[in-house]
Structure formats: C-alpha cells, structure tokens
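Single-structure report; data block below.
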Amino acid sequence: MKIKFINYLLLFFIIFLNYNGFVKSDCYQELDLVLSNSCRNGPSKLVIHESIYSFESIELTPFVQPKLLNYYSWDLQDGINYFISYRYKNCSNIISKPFASKGMYYKLLAEPLCLNTYIPVRVYNWGAGGIEYNFYSVPSTIWVNSQNGLCSFQSPISPQSYTKGVLNDGALKFVGPTCGFKNGTITIDLTKGYSNYHLFLQSDYLFDNEIQPSSEGFYNGLESENYSLFVDSEQCATERIEIYMKDVFAPLEIDFENVPDLFHNSTISLSLSSGNNGILNNTNINAFVIQSERLLTDWNHVQTQITSNTYYGYAYNKDFSTEAGQTKCVYSETLLFDNYSPNFNFTISKSESCLENVSITFYPLPNQNIKVYDYSSESGIPFSMKDNVLSVENNLNLWIFDTNQNYGIVHSTVFDIPSYKIIETSNGIGCWKTYNITIVNYENYKNLRIHFYNENSEFNFYPVEGVFINVPALYYYVTYNAGDCETESYFVIDKLDRNTPMDNVVLEFNTLEIGNCTHETSFMVTVKSVFGSYSKTMQTFYDKEFTIFLPNCSCQINGIYVAPRLIDGDSLIYELLTDPNCNSTDTLIRFTSPSQDYSISSVYQNGVQLQYYNNLNGYYISSGENNITVNYEGDQYCYRTETITIQSVYEVPLVQITPVSDCRNPNGKIEISNFQIFYNLELVFNSNSKPINQGFIENLASGTYTINYYSNQTCINSITVYVPSSENVAEITTSVISNPTCDNGPFSDGMIRVALKYEGNQINNFTIQNQDAEFTYLNDGVYPIAGVGVNSLTISYLSCIWKRDITTVLNKPSFTLEKVFNDTCDLQSVYKLVSSNPNIEIDYIDSSNGFSYLNNYYLVFQNSGDFGYYVAWNSRCYEYYTQQIIMDNYDRDSNVKYIDYEIVKPDNCNSLKIDLIITNMNKFISLTIENKLPTPINSTHSIFKNLPPSKSYDILYTLLNGCVAYQTVGIDEFKSGFTKETIDIIKTSDICYSGKASIQLSNLDFDNYYYYIKNSNSLMGVTDSYDSIQPQQSGNINGTILLSNYNPGSYKIYRGCKSMANCYLETNVVIESEDPIIESISVTDSYDKLNNGTVEIKLNYNSPYPINFKIIGTQLSNQNGKFGNLTPKTYEVQVTLTDRMCPVTLSKSFTINLKTSPPTPSPQDPSDELSTSSFVQVNLLFLSILIFTIFIF
C-alpha cells in the first residue's frame, strides 16, 4: 500500500511539472516590448515574442484588438500613449507598463476653411524633434518625408468650404501683360471683406521681396511671371493664391468674304480686334496664313485654300525690331473647319417597270470625285459612269463615295416597299415575345416570306393571307418580289431581344457515349421552353460551356456540360523493374503512354499520388493489391485504371489496437497476432525504441508509433500504427467562432472553439493542433488559423489525443472605395478603403496609388477608369480587387456645364459666319477656342465673332478657382443647319398602315440647292438611305412640293448647297399611323311631321374594304353612310371597318331637330325657272289629251 501511494505521488509530481511547463516561474518579469514605427505604408506595431501560452491575460489601454499568431502583435496609432497590462499563467499579480510609438504624425495648427487657406502643420517625430510646414490648396494630401529620408507619411485633407474665397466670389481679377510689355494687372476688391494682401514672385521662396501695390488693392506694370498672393479674410483666414501671369495677345479677327470650302480657294480679310490704335497694329506685326505658307503684306482680300488644317496668326519681335534671331511673340489660331456631309447632288429617273434600269444623274461640287459601288458586293469595283450618269438595275444598295472627302452615303434603288403593321400577340418578356406582321396589299407581292438566320441555321416563315402569325422575336428579313421584278427585294424589321428570361427554361443532359483518349464524349442537351422542346447533340473532351440558339426565335440559352472523365478501356502498359526484397517491400514500376500523342501527367495508388523518380525512370508501389490510375495528357485529358497485385516476399505484422481510456495513467495497447514468425519486434516512439515481447506492449499514450519487424537477423522493415483515445472518457464540443475570410489553403484566419470535459470536469490546459501542421495552440480552446472547408484537428490532454473534423465556410469580405473629398480641376481625388466586414484588420494596400495613415488606407486617382489594387488583412489574407472610378472633375464628358452661351446663325448662305456669345464671362478667368480669344462686350458678355462653320466648338476655359477644362458647344444647335433658314413642312399622318402619308415642303429653291429625304427605317438591310427629291415631281408650284405615299417611320429632310459644302439644313419628320376617325356628320332636320330628316357620315379614310354604317336602335344600315326619312331625335351611328390593317369600330352621336316649315328656297336663275315652266305646260297638255280620250271611249 505504501509503494502504491508513492507511485501516485510521483505521477502527480510529473503531471504538475508537465502542466507548469506552460507557466512562468517569475510572476514579476517585465516583458520585452518590440516597437516598430510606421514608415511609408505600414502602421506602427507592438510585438511581444513571448509565447501566447505564457499569459493568463494581456491587454492594451486604449483597447486595441491583438493579432494572434504564435505571439501577440498590435497595430498602433502614432501620437497616443498606451499602457500594456498583463498577468502570467498561474500568477495573481497584474503588471502595467506605459509605452508609445515614435512614428511620424501631424496636427493642423489651423482649420482648412477654404480651398486655398494657408495652413501651418506641425509634424511630430520628423527627426530628432518635429518640424512645421505651411500647407495650402486643399483638397489634397499632405506628404512628408522624414529628416533622414527613410520614412514618409501621406494623409488627406479637405476644406470646410469649396465655394468661399477670393477666387470664387470674384474679388480677385488679373490680366496678363501684352507679350513683350510689362502691363499686367492684379485687382483685389477690398469691399468684399478682404485685407492684408501681399504679393511675391513664386521664385522668392523666403518671401523677402514683397511687390508693392500701385494703389490700394491694385497692382500694375506686372510682367509675365508666376506670383504668390496672400489675402486675409474672416471667412477663409489667410489664403495663398498662385497666379500664373501669361502673355496676352490682341485677338485676330478673320472675315470670310466667301464661305470656306474644301479644295478650292476662299477669300478672307484679317484685322485686330483692338483696331490699329492699340499697342499692336498691322504696321508693327506680321500676319500669316499657314496653308498658303506665306506672310501677308496686305491683310485684306487674301486668296487662300482653307481646310481643317489651316491656321493663321501674327508674330513680332518683342522689341519690334526687324532683326532675325530675336525673342519673338507668336500668336496663332486654328480654323475649326469641319466639313458637313453628305455633299452629293443627284437626280433619279425610274420606269414603271422593274425590268428597266434606274438612271441616276450626279452634279458634283467643285473638285468632287464621285465613285459608286455595289454596297453588298465585296469586289470593290465601282460602277462605270458616263458624263456623271449611272444606269443600274433596281433593288440594289449603292455606296456613293467622294474619294476626296473620304465620305459616302447609301442610296437604295428598291423598286417597291410594302407597308406593314406589327402587333405583339403574347404577354411574354424578352425573346419570348411573339408578333403578328400584316403586309398591306400583299396581293401585289410574290414570294413573301420572313427569312431568319440563327447560328448556322436558316428558317423561313410564310404568311397566311398576308399575315405572318405569332412570329417570335427576331431580326426579320422580309423578302418579296415586287411587280414584274425578277430580283428579290427585302426590308428589315428589328424585334430582336437577347433578354432570355430563364424562369420557364429547363435543361436536360443525356450522355450518349463516353469518350476515351482518342474519341470525344457525345451528349445531347434538351431545352424545354415556352416554344416547346429543342434538342442538340454536341461532342467534347472537356467540360463544355455552350450557347444554344432556339430555332424560330432570338432566345439563346447558355449552359455548361460537365464531362465525365475520359477512360481508356485498354489495359495499362507497364513493366516491373524490381522485386520486393529485404531492403524494401516496394516494387519499382514503369508505365508507358498509349501513344506518342500523350504523356503521363500523374499516377495514383489507392487514391494517393505517387512520386516519380527521374533517376530510376519509374514509381514505387507497395506489395499487395493496388488500384492504379494513370492520367495522360495530350490534346485532351484521359486516364486508364487497373488493379495491379504485387506479391510480397515477406509477411508483415498483423496488429490489433486497444485505445487509451485513462489519460492520467496511459493504458493503450498494441497486440501482434503473428509475432512468432518474426525474428524480432520493437516499438519506436520519439527516436526511443522498446522491445515487443510476446507480441504485445501496453501502457501506451495516444500517438503514432513505428513497429520495426525483423524477418531475419539482417532484414528489417517497418509499419506505422496509431493508438487512439477512447471517446467514452471525454466530452468534446466544437463551434466556429468566425469563418475564414479568405481561402488561403489549410491555414487561414478562421477561428474554432474547442471545449473539453474529462471525467465530467472542464479542462482548460489542453492543446489544439492541425493534423497537417506544426502549429500548436494552447489558447483557452481557440484554434485561430482555420482554413476553408474541413479542418482536421487533434485535441491533446495528458496522455490522450482525440481527432475532430470541423467544417468552415468562406466569409469573404468585399472592399469598396469611398470618396474622401470631391475631385476638382487637376487636384487628386482620394478614396478611403472600406470593408464590408468591420471585424477584419487591414494590413496594407499594395498599389502604386495607395497610402495609409493612422490605420486608414487610401487610394489616389487623377482620372476615371478601372483600377486594381491588392488588399492584405488579418495577417493571412491577400487578394486583388478592381473598382471603376468615375471622376466628377471638369471635362468635356461631364454633365456639369459651366458656360452659358448663345449661338447667332447667319440669315442665309450668302454670309456664312457664326457668332458665339458667352453670357457669363464673369465666371471665368479666360476662354479660348483653339487659341482664339473672345472680344469683350461688357462685364458679363464676350463674343467669338465670325467663326467658320463647324459641327461643334471646343471651348477651353479657366474657372475663377483655377480649374481648367473643356466644354463642347453647338452640337444641338447645328443639327438643323448653319443658318436661320427653315423648310416649311406640313405632314399628313398615315392611316391604317396604308402607306399613303404625305410630306409637303415649301420655300424650296432648286436653282441653288438640292434636297434629300433620308429614310431612317431599315431598308434593304441599310438604315439612313438617301433619296433625292426632284423638282419635276407633281405639286412643284412656287417652291412647294408634295411627297406622297410614305410609310410610317422617321425621316430627315436635308438641303444641300450646289456651290458650297457647309451650307445645309436638316429637319426631322416622324410619320405615325393612326386609326380612322369620323371626319364629318352632315344633318338635314325634319320639317312638320314628315319625318324627312337626313344624315351623311364621312370618314377621313377611303378603305379598299367594305365599311359598315349602322344607326343604333334601328334597322338602318348600309355601306355609304347616307340615311333618310329620319324622325326628329338623337341617334348614335356605329361605323365598323373591315379593313384588315385596322379593324376598328367608331361611334358618334347626332341629332335630327324638328322644324315647323321648310327652309326658304334659295333664288333660282332664269334657266331654272324656264325649266320648271316648260315642265308644267307639258303636264297640262298631257292631262287634256287623257280627258278627251276617256270621253270618246
């Protein structure tokens, strides 16, 4: 009994020593605090290299979340004094210690009130001490390098107001000097609350030499330099304004005495806007026009060719000398000539027969070289013309091209175009829609059909009595033969819709034949949809993404077929190179690929990949039955599999394991049933060996052991066995504290909690380890590096080990960029990185545009676009992200328009000069168009005079706050032409899709202009087809012409000038189809009691089909709309149209009134009286003869 007690005492002492291996023996030992200071993109850090298992508790004040690795790490904010408090394991005392990082940080010594407020900034830990900077022009970022240049920081600053300040409220104005002179001025309006102004050259870095004002708030005599102006105000404190004083030139005016046109000379005159009385005049400067490449001796009536490359200006020596090589002042402007097309004047002559050619006569402009091609042909050979007359057949698309302008238009010689109506007949969405398409006067067209191409297939739909019924959404080619045409014509109706709602779509796959290394797998996919089922057979070696275009509609179905692994049915080709022997139970085997087209990519034995030994040219496989899979790769991937049995020369131990059931007194056991056949057996654990006598060994702790077995005295081999722990003695519960936020292999940033009870008691001092890793954690049951998926953990306590698989899922954060301040002008835009998961700790951003400050992370952008950046977080995660950045700065694509303007067009083409008036000039420092300066009118208005015609003008402007950008003007104004002229248009709408609409044009001048009508409907497969309007058409009286028989659609009426390129007019006309209406009801009232009222109903449409008129409540009905013998009362007439294009019913009320006497007859002319008198005399004679005859008989 005494010996047993001593044994228990020794066991307790051993356990106590093992437990306290994790406990500090010195409870008062101070920690070694390792501080790393922030430098460039990394924050300051505190690291403690002591094992995390040494502490009962540890914490920073102010609180900072630690990063748990095998040690503690914290990210710190510079400028904060911290305390660290900690208590060692098995100790009761708490130790506290102050510390602070020494990374650089700053404090603003003044508030950034306005954009240009001058701000003193104090930077700490810059070197041995601090340093002060003066900062201005916010929003921007402070960027400071340390004294030794090894570290830096960057931080965003934005002002409290973007709208206040000496620039924004117009209190500061400056005018640059005339080139070569010192007459620049700066004016400060002190009445707006400004004072204490000081001016320096920017090159005066120490601000020692102040420039004195000429008078209060006014500087004069300034030369072209860069200046720094300091101005004080209550609203913005001290502002620092950078003024770039540029040379100013007197605007040069150009007067077009005839309109600029391509490829021939124009006449221009030049003058200075300041006249000849200013500093500069035509006697001391030299003007030039660089197209003629000469200086002008006379500025008036200059003959020169003008193109879009023409520029003009003037130059002079700064001292007005005539010596060569002196410093020059040069001013130039570019002519914004933008030739407007089309510029083709032609007339068309067509026959009533389609078999006769179309004759087209062209009237070229000067220097115009016209070629005509077949638009649908790929030959590139133009048609031959004689004397500018072209004869071509009907139903062609012609490409009319000017080789000098490098521009062309399309004209279609289609013989006849059917009218049609399209009505949706389904309630579907997207490509599931269906339509009825009705062709007007379909009897006039032969071979009507809808031709449709879908993927590599063709489909045709045919009409029933001119109606294509329930046609799916398509891009229709409606083909036909018109009249006596032998050539087929077509027009296009676009009802294509790629939106494929998948709610009612089912994909079914059927593998028809599994492939092998040389033949693809064949499968069939069946699409079940609202249009029925459709099947398609495909072949593939791999997983296949596919798109199926359903027949007869525009729906395309996307899917993916997961191909089975391709297995080769042949046997493996292999060779056994060695036999098992005493030194190895493995056999060296070599595999051969089935053909020279394939190579062996990998070999697996019982699901475990085998290592290839280059020096031996083979693989080792173990004795016994082996399921071998050999993977091949060539043009595709495939595999062969086979069972290979290797007979072992020697026996192996047959092992039976008894688990550990007592963690304090290990009682695991290994038994070997065939121990008699071995020469010797021994157990190896942690490099220590112990003999196995009588075939068993006991009192083992849980763990992995190696059994060495000797077949004879010299032949030794080994096997590995694992002794588990009994599940009956422990209660283990696991839970996921947080899922990993990145998929970083088996070790990520997920956290798993493990709770252990042994013999009913809660256990705290156990370890957790991943079975595949060397990381061991004793952290109150927390495993902090869990990966995505299954985490195989071992839980160890005393002599016991248990295994658990815990599954986690990916909880990946998203990162977005949140704008810190608005981007303005050329200043940078700063965005802050924001995570969707506030619990993660960002480590750094890896980007050329990135920086961090005080544990916040930023990106800087100068323009719009898609930008990429890497983000690292939680010490273990790292990923690449992209985000689209759309800047709000000033550019021509911005929705913000700052320039208010008016465009004054000339009255007509005789003086084609454009004036552009700026009406808010007081909002800008400067405005230019290709260096051209406007002429001031007053404080708010200025004018660009005599601009050459162009589709638009790009104005370069500088706002009062210094922002420089472009704004494009004139696009909308010039769509209708360059003059104030108009074409008077009266249109009549189409009715019932009859194609009978008309367009009446007035104010036409066929002597000086030519006219197009541009059809924007898709015709012969081409949109924007041009047709010439010819003066010989009917209705051409006094400049008025009537265009008849037009279908519903969008048209443009275009007028071009016969003598110049840019004088055009363009007007949009939209024709819609309307239902008929009751145009009039003519009523004759009933008199006395005769019930003799009448009515006549007329429509605004003469249908070729019967129209039924019926008076409701009576038996009266007919097809001419005339009714008589009506009694006095109110009636309702109902009109029913049987027209197939618009089967509508109309109704309207009318009233027959009762009159007491007939209306007074209107006076008759003598011929009417004579006719009545003769009629009476004839009747009296006839009556006398009748009486006499009766008397005789």
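Each residue, glycine too, has its Cβ placed from N, Cα and C.
Predicted, not measured: the structure shown is a model, and the values here were computed from it.
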Problem set entry | Selected residue, Swiss-Prot feature N-linked glycosylation site, from candidates Asn1092, Asn1125 | Asn1092
Exercise. Swiss-Prot annotates one residue of Asn339, Asn938 as N-linked glycosylation site; which residue is it?
Worked result: Asn938
Problem set entry | Mean of the pLDDT scores, which run from 0 to 100, over the topological domain 'Extracellular' (26-1172) | 85
Exercise. For Asn938 (N-linked glycosylation site), what is the secondary structure state per DSSP, taken as helix, strand or coil?
Worked result: coil
For this session: Measuring Cα to Cα, tell me the gap between Asn226 (N-linked glycosylation site) and Asn938 (N-linked glycosylation site) in whole angstrom.
Result: 28
Problem set entry | Asn765 (N-linked glycosylation site), number of other Cβ atoms within 10 Å | 17
Exercise. Reported as an integer number of Å, what is the Cα distance between Asn938 (N-linked glycosylation site) and Asn765 (N-linked glycosylation site)?
Worked result: 88
Seminar exercise, completed: Counting other CB atoms within 10 Å of each candidate's CB, the least crowded of the glycosylation sites Asn552, Asn712, Asn938 is Asn938
Exercise. Tell me, by DSSP, whether Asn436 (N-linked glycosylation site) is helix, strand or coil?
Worked result: strand
For this session: Ten-angstrom check, please: count other Cβ atoms within 10 Å of the Cβ of Asn226 (N-linked glycosylation site), all chains counted.
Result: 12
Exercise. Between Asn265 (N-linked glycosylation site) and Asn712 (N-linked glycosylation site), how far is it from one CA atom to the other, in Å?
Worked result: 114
Seminar exercise, completed: Smallest Cα-Cα separation from Asn90 (N-linked glycosylation site) among the glycosylation sites Asn357, Asn436, Asn552, Asn712, Asn1092 is shown by Asn712
